[in-house]
Amino acid sequence: MRLDFLAAFAGVLIAVQSRVNGELSHRLNNGLEAALFSFGSGLIAIFLISLFIPGMKLGASKIREAVKQRRIPIWRLFAGALGATFVAVQTNAVPILGVAIFSVASIAGQAGASLLIDRIGLTGGGKKAITWRRISAAGLTIIAVLISVWDRIDAHNLSILALVLACLAGVIVGIQRALNGQINEFSQQSFTTSLLNFVTGTAFLLILFIGGLVIHKTHFTPLGNGPWWMYLGGVVGVLYVAFSSTIVQHLGVLTFTLFTVGGQLIGSLIIDLVIPTHGISVSWYLVSGIVLTYIGVIVGGSNQSRRARK
């Protein structure tokens, strides 16, 4: 199967998870608790999967061996904490900025960071030169996302701090993808990489949540009634990490990001049609943004995609 199609599917998973986690956060009125539940349920899901995949133990052994031989610094194993940071920022910044501005800012951060990450070869898949074609592709992607949400932007009382945090959250996601690609290069087992992500991410969010309770900056809200799918954020996250950690080391972070943004926009379109958020409707801005995104993919050099061997 083509890796570019799989990268686009990973983008669809991002859209699905955003809708699911957003609904849970809305029902709980507690973004940090929603993020913790998402990561915690994902940890349980990947643990259950590990019982049926013997190769995961071998993957963990390979990671331990790589750490012992100092082929991979131990700090790079905490990529899951970066993912948890993104979710924590997302659930707290979106109520201030709105989904549209947060998406534009975070994807802009991802695209910009991806150029440098590929240049230094942080993915483990080799260095990729910064060319005008790749810069143009990243710029087109940012413009495409801006167009797709143009009719949803409400910049009144815009918080500059929240906007900067959203950009930094995008940079964090780019780094996380790169580190996951490097971890997966040693584990050779995407679900092992996913398990490691959810262990570190859940632990990080748990520390934040307990700390918030101690200083009375957050509260615990019992899970209430709501649609069954709002509890699936963790499962979707497991699938996303497994896909991205495998694909990113072959495509590079920038190319992976371009295809992922396209899939994310298509997924958002389908979600807005099938399970719309209150007050959201499909517009020609969104459709135009999807078209321009794939123009960016072509400019970025879709010929870099490879066919995966079975």
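Backbone N, Cα and C atoms are what each Cβ position is placed from, and that goes for glycine too.
In TrEMBL, annotation is done automatically, which means it is predicted and not curated.
Annotation comment: TrEMBL describes 34-53, 74-90, 96-117, 129-150, 156-175, 195-216, 228-248, 255-276, 282-301 as transmembrane segment.
Here the transmembrane segment (195-216) lies next to the transmembrane segment (34-53) in space: the count of CB pairs under 8 Å, restricted to residues six or more apart, reaches at least 3.
Using a cut-off of 8 Å between Cβ atoms, the transmembrane segment (74-90) and the transmembrane segment (282-301) share fewer than three residue pairs, counting only pairs 6 or more apart in sequence. Recorded stretches compared: 34-53, 156-175, 282-301; the one with the most Cβ pairs under 8 Å to the transmembrane segment (129-150) is 282-301. Note on the transmembrane segment (156-175): residues 79, 82-83, 85-86, 89-90, 93, 96-97, 101-102, 105-114, 117, 122, 253, 257 of its chain, located 6 or more positions outside it, place their CB under 8 angstroms from a CB of the stretch.
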